[in-house]
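**Student:** Handing you a structure now.
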């Protein structure tokens, strides 16, 4: 594999790491950077390029798992948390616990099992991604405006099971390509009277198991498309996504309490305009599908 192609793999890993957990839609950015510019499918083949995107997404997922490892250890009662007082479901009282995460995962898990192939076949196109980007941006703006009326927002350890389920429903809705899982769930958390940082924490903590299961299953189904001659491309992309993902998640969690969601929403609208100009004005990206 040529050096230029390896550099492209690193670039795509960086883009994935920057955007997977930010409320800006990693799908929209992959369309812009890969499908419209770098075009990994031209030197990997369409199925191998699709598999590569699964691999770099896993890099971002592992970054999220690392950032929130202490929370997972606490919920699973592992390590230094194994001797702490627990309640009836194996967790400390009045804390975010494993049942919150399970309840939040149910909607996306069920819909993913039932409709993932349908979504990939019928909803994954440039116009539908642009629709998801735009509607998601409006939802984020609405959430930010509403948050100004909340006088005593909840933190992540005050969330109840009903709120966890509702946020999980919004994660399921975000299966529409371009809508953005984090944009949808953070906005819903804010509408459920959580502060922005806590809504982001819960979003990421809940998203990692869902994404790990979904990406892991997809990778198993597509392992045959990973060729040893391309292994360097996959490894560099994965590492880039993991390292950049670590930095991006920590930076986002610092920024979200200060700038809220509207700046990200405006960015999404600008992204829609750029993609629309390239797609409708210049015909770039015509025929893009999920696989």
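Each residue, glycine too, has its Cβ placed from N, Cα and C.
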**Student:** Give the range, chosen from 78-98, 99-119, that Swiss-Prot lists as transmembrane segment.
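**Tutor:** Result: 99-119 is the stretch Swiss-Prot calls transmembrane segment.
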**Student:** Could you tell me what the rest of the chain brings near the transmembrane segment (236-256), counting residues at least six beyond its ends with Cβ under 8 Å?
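**Tutor:** Distant contacts of the transmembrane segment (236-256): 6, 9-14, 16-22, 52, 55-60, 62-64, 66-67, 186, 196-197, 200-201, 204.
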**Student:** Please indicate, using numbers and ranges, the residues of the same chain that are 6 or more beyond the transmembrane segment (269-289) and have a C-beta under 8 Å from a C-beta there.
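**Tutor:** The answer is 24-25, 28-29, 31-32, 35-36, 120-121, 124-127, 129-130, 133-134, 137.
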**Student:** So which of 48-68, 159-179, 200-220 is most in touch with the transmembrane segment (99-119), counting Cβ pairs under 8 Å?
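**Tutor:** Looking at each of 48-68, 159-179, 200-220 in turn, the most contacts to the transmembrane segment (99-119) are made by 159-179.
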**Student:** In terms of Cβ proximity under 8 Å, which residues at least six beyond the ends of the transmembrane segment (200-220) contact it?
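**Tutor:** Distant Cβ neighbours of the transmembrane segment (200-220) are 21, 51, 54-55, 57-58, 61, 64-65, 67-68, 71-72, 96, 100-101, 104-105, 108-109, 112, 116, 156, 159, 164, 167-168, 171, 181-182, 185-186, 189, 194, 249, 252-253, 256.
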**Student:** Take the transmembrane segment (159-179) and find every residue of the same chain, 6 or more past its ends, with a Cβ under 8 Å from one of its Cβ atoms.
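**Tutor:** Residues 25, 27-28, 96, 99-101, 103-108, 110-112, 115-116, 119, 123-124, 128-133, 135-136, 185, 187-189, 192, 194, 198-199, 202-203, 206-207, 210, 290.
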